[in-house]
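As structure tokens, the structure follows; a few thoughts come after it.
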């Protein structure tokens, strides 16, 4: 299908009625017309199931465009566009000069032609007024201008016409159903917010489209973004669009189908944390669906810096993670409904808490939603997951917050599980969702609702919960003083690294309220996990330090629960949970020693010949096994010491090999210990070892001997608490596959969680990663200067582009957006500072380990196994004898030198010239 003009012989304007959707008849007369369709020559990832050459009446030899807008931009016969090349549209695979394809024939290539490279520099150039590839010619076009009145004389809010292809992609039943004069589907609204989020109010002249249309917002879906690529962003955004379609398609809903269409009760808000870190390819994707346009942002308004750029549009378009464009084709259940979208692009990078302040304090207070769902870019919500989250709030009036199940992205055919780190994280996520989250949900207090996939009732978090939460926003540090981030001690700063835990505690402990938190198993989200050791360590540093500090905070302030409105039963279980959390914190604190002692004890039980094991050693015999165990123990302690050396002075990315080697060594040791433990179990049940159970004096005596056992009983308990409990719980939840695909890898990596991650986290407790990055990309944006019209109204002059130019620029944008994503190759080159630190680390490591090796060889009885003929006592005695003689020789040597110098100077003094 292609869009045809209507036959008007005047240039298309903003309210152009042309480009209506029509079926093209078969025949070669329309071959050239079809070839001029948007991206019609693309193949590969652009080809989709809706594009059948037979259905489209195109030649089978001609590659067809999948999931693309097939808008033609050919002008009518009576209208000549002086900037039209007259040829076919510049396609994704053609070798044409873009200056010729989009500009005046014969004109040299414009610097804006580099927009096709999707580089940051090209994006900067497109921000110039009229410079978004306008016509593609060399030099800027001169456009007519229009005067835009500022709201209350200070707020710049402008409506910009969207490309014809986007307008026409909206189904007619929605376009024709709006009130007269509505520009919801024809214009994108841009607002330059020059204020703090707390001042983004109706009183100050700011407003949002859903409120302007008097719509009730039931569900506000927020996507926070930092620097993710367009594949990750499209994965989240397209998943949200599909979930909204699931809600709109509900047939027998008591709520969504009353009081207006369901899609009008849902708003999607994207909050980007700064222009500088933002991937500019993502902006092309957003422009393709209509929620962003190049060249409209203003750096400041009359010298007052813009804090956030806010775009609003209602669209039916979506881009998949494979860069395929989805548009409405019929009224079937697979068609996406209109989605009210807001895009907030913060001018400077000011961290995630500030993004949430824009969401809750600025947009939330105007829209007043019932439920807010928080997603991170890269998290893909599963089928009907957002509906399941909302239903939890709808069915429980006291539910203040909820989260779904987050699982690791495993790739096609679960191929990511080949990486042991990914498999270990997959198992960790699964067990957390099977054991930890349901337990905490039963108590009513889930200690952490992951910021990547969670939901809150808006009125539940209003007040103190958000006030405490926003103390971590460094942009409020001057206003808050000592209560702000700059006035906090290092413990509180670490606490705000796990800001979602703070919000959870404050919500449950809210005075006079009885809000509780819950886990919704039916809601699932998929997220990518770190695949490299360096990235994994850096991520867990923030998680571990933040969660530990927040956990201590919740225990210390548990008394605030008594001011809440929870009933006595809930309070009883909250006390039980507090005791459980206290016990878990103590176990975590001593986990470093616990792992070492467990490793050492199991190896001694199995490898040291004694009467209990029949004077044998497993697995290498009674002679070799003690030697191997001694080597393993010293390797364990040596690499544990290495972790402190690395953590106190190196970046993980600067010590990739050292950390990778540490993971491998600890993994091998852990697997060796697991084999030893299984050997103990086999011996206990095979009769090779005596069973110290009382089976002759009744059940009570048996239980007493079982739980008091120091042999087989304790082994069985440990076995049941790990292998057995995990297997049983996983099968009960009918989700056991991780036990077969990820459990072995998790067992290998488990000790590294303590010996590497915890050591690095605690060694870098001082690193709270606050502060902002410099933002120089905003310099490319133009300023807005106001004038007084008639001495009264404040206006600005804004470029008034013809619709034909908007459409031609859009075609270049779509081509960039739908270009297959190629992941950049990350450079592992060390910086000069990293190389200096690496040398220091090697020097200190060699110094410490060489000294430790000598001390061990002299004093330890364990090295007797290596064939030393004398005992440790004899070696120590001889070492001290050698040391004393060495010091005596050195002292004597120094004394001889001093005497020689004294005698020489005395003699020479007699012969010196006067």
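Including glycine, each Cβ sits where the backbone N, Cα and C put it.
Looking at 112-140, 141-169, the range tied to region 'Disordered' in Swiss-Prot is 112-140. Taking Swiss-Prot as the reference, the stretch among 503-522, 523-542, 543-562, 563-582 described by the feature transmembrane segment is residues 543-562. With respect to Cβ pairs under 8 Å, the transmembrane segment (662-682) is most closely packed against 586-606, considering the stretches 543-562, 586-606, 627-647, 712-732, 843-863. For the transmembrane segment (843-863), the list of distant contacts is 630, 633-634, 638, 641-642, 645, 871-872, 875-876, 879: same-chain residues at least six beyond its ends, Cβ to Cβ under 8 Å. If you count C-beta pairs under 8 angstroms between the transmembrane segment (586-606) and each of 543-562, 627-647, 712-732, 882-902, the highest count goes to 627-647.
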